[in-house]
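Trainee: Below are the structure tokens for one structure; questions will follow.
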Amino acid sequence: MAAASISRSLLRRSRCGGGEHHLLLLARGFVTAECHRPVVLHKRGSDILHDPWFNRGTGFSMTERDRLGLRGLLPPNVVSSQQQIDRFMLDMQRLQKYARDGPSDTYPLAKWRILNRLHDRNETMYYKVLIDNIEEHAPIVYTPTVGLVCQNYSGLFRRPRGMYFSAEDRGEMMSMVYNWPADQVDMIVVTDGSRILGLGDLGVHGIGIAIGKLDLYVAAAGINPQRVLPVMIDVGTNNEKLLKDPLYLGLQEHRLEGEEYVAIIDEFMEAVFARWPNVIVQFEDFQSKWAFRLLQRYRKTYRMFNDDVQGTAGVAIAGLLGAVRAQGRPMLDFPKQKIVVAGAGSAGIGVVNAASRTMARMLGNNEVAFESARSQFWIVDAHGLITEERTNIDPDARPFARRKSELGHQGLSEGASLVEVVKKVKPDVILGLSAVGGLFSKEVLEALKDSSSSRPAIFAMSNPTKNAECTPEEAFSILGEKIIFASGSPFSDVDLGNGKIGHSNQGNNMYLFPGIGLGTLLSGARVISDGMLQAAAERLASYMKEEEVLEGIVYPPISRIRDITKEVAAAVVKEAVAEDLAEGYRDMDARELARLSEEETVEYVQQNMWSPVYPTIVYKKD
């Protein structure tokens, strides 16, 4: 199929879904071109102005105002969508200082309030503003500001977004899912609030992270906003402050544990997949002891993944492969990298598992390759270096515990400090996923000066900003310009003087999870395989040009996020087809997907990304 003909073919095949709120939706399909088709509504007048899906305020033309009973309900001047955005951005700059709720309210939180109010009244414009200003607003709707939002959610709550399933709903979830108005849901982000970013147990306040993630699915991946669903599973909280707070909105009882907890998650999964069989569920910010267990429990049965375990791992691998390229070496040299990992939680172990599989695949994917890959990692947790001599070792960390036979010649022992390990190992990379701010102290960074690499890499990946293991200023000031620096939250580049810049790369999960979700959706893959995740990570790693990588830039700017997501999603689709997991999407079946070239697959993805365009609205009586 020629690239030029695929658009026509796809446009002929694509159909709109919908039907929510007794509306016949003909415009909000996934295909960009369908955004120009009319929407038939069974409402008019002020009912439209109070519906954020269809309200466009002063953007309604005079013809539409007459047709929809809006004349006299709006100021007479008709403005374009761009004029609306320009006015909003000007107001935002002026109003953010006045939107603060007292001196303790930060400017980012004030910005969040302003954006949230726009979201409440005009959904299309909200996503247009977010997409057009993604570099500025991603840190507001996602990390780091979303952490502040979650911490203050009871005070910020104005109108519900998403669904709440609690321990009190046992036996009722199968009927509860039908309370959600959308007949089609493509993407769910679910959390139990037990480990929100690096902030700990925030209980029902954790719904903020699910809302923020889905905003990025819409902005970055073009997932239709009418087909996303944020979910909070409230099984209680162990946060004593929340248990005593009279304004807390969740269950004020200690968290369920054991089989009671699992039974609730099982019931939720059965319910959502019973109503929406093709939905994709992303698990978000579950505490480590459940993150791995639930992932293994569901991943071979349902279309689901855990972003903390698998998304973080993929972004880290892309950065690690970029760091190899930045040393002027081919990515196939990755298995030679010595990596010290600070943090043995779900994110840390998830990265080590995925990185070791990547190394092993490069080495031949046999037993010898896996053993060689294992030997390249040194994991340090709160108790020091993890070795096989440790009692009560976490089962997920056990495969990477250093062997007693290895310790002697390295001069290390069980529980060795991070500084000791860095001094003895002389690693190519130190990777922080500890949620301990400042863990990469001056002593640790000084020790890295003896790295065996000509350009060592520091990955301070913990979120939010205050939990970063070090700042780029600290790293560059101690180690000089010949390093690679990446973090989970955004930092500014560092001026090194003499016209030189120390690049601060943000290894943000948003580079991958939107593309993983979109690629899974458009391939119709039955499950999300390790190979699909690996394909996503490798595409992100190869996205950067050689000259950029040699400058120390291993992650692209957030401003390119829709293009990045398109490429990542296409790689996921191709891998799903190669693994015979793809079942197709709408009228594009698996055989047709298999016939698409790489270029055609990218175009197929792009054609199925929703864009925030005002459709024509037509009133029809019931």
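Placement of Cβ uses the backbone N, Cα and C atoms for every residue, glycine included.
Caution: TrEMBL annotation is automatic and unverified by curators.
What TrEMBL shows for this protein is this:
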- Y142: active site, proton donor (ACT_SITE)
- K213: active site, proton acceptor (ACT_SITE)
- R195, N463, N508: (S)-malate binding site (BINDING)
- E284, D285, D308: divalent metal cation binding site (BINDING)
- 119-299: domain 'Malic enzyme N-terminal' (DOMAIN)
- 309-577: domain 'Malic enzyme NAD-binding' (DOMAIN)
Trainee: By a 10 A CB contact count over all chains shown, which of the recorded positions listed here is most packed: R195, K213?
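Mentor: Buried the deepest by this measure is K213.
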Trainee: Given the binding-site residues R195, E284, D308, N463, N508, which lie within 10 A of K213 (active site, proton acceptor) by CA-CA distance?
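Mentor: Candidates kept after distance check: E284.
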Trainee: Whole-number answer please: how many Å between the C-alpha atoms of N508 ((S)-malate binding site) and D285 (divalent metal cation binding site)?
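Mentor: So the Cα of D285 (divalent metal cation binding site) lies 15 Å away from that of N508 ((S)-malate binding site).
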Trainee: Near D285 (divalent metal cation binding site), which residues of its chain come within a Cβ-Cβ distance under 8 Å, counting only those 6 or more away in sequence?
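Mentor: Correct list: T191, D192, G193, S194, R195, I196, L197, G206, I209, D308.
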Trainee: Which residues in the same chain, at least 6 apart in sequence, have a Cβ under 8 Å from the Cβ of E284 (divalent metal cation binding site)?
Mentor: V189, V190, T191, I209, A210, K213, N306, D307, D308
Trainee: If one looks at the chain holding the residue listed as 'active site, proton donor', which residues at least 6 apart in sequence have a CB under 8 angstroms from its CB?
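Mentor: Sequence-distant Cβ neighbours: G212, K213, D215, L216, N508, M510.
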Trainee: Taking the centroid of the Cβ atoms of E284, D285, D308 (divalent metal cation site), which other same-chain residues have Cβ within 8 Å of it?
Mentor: T191, R195, I196, I209, F283, F286, A291, N306, D307
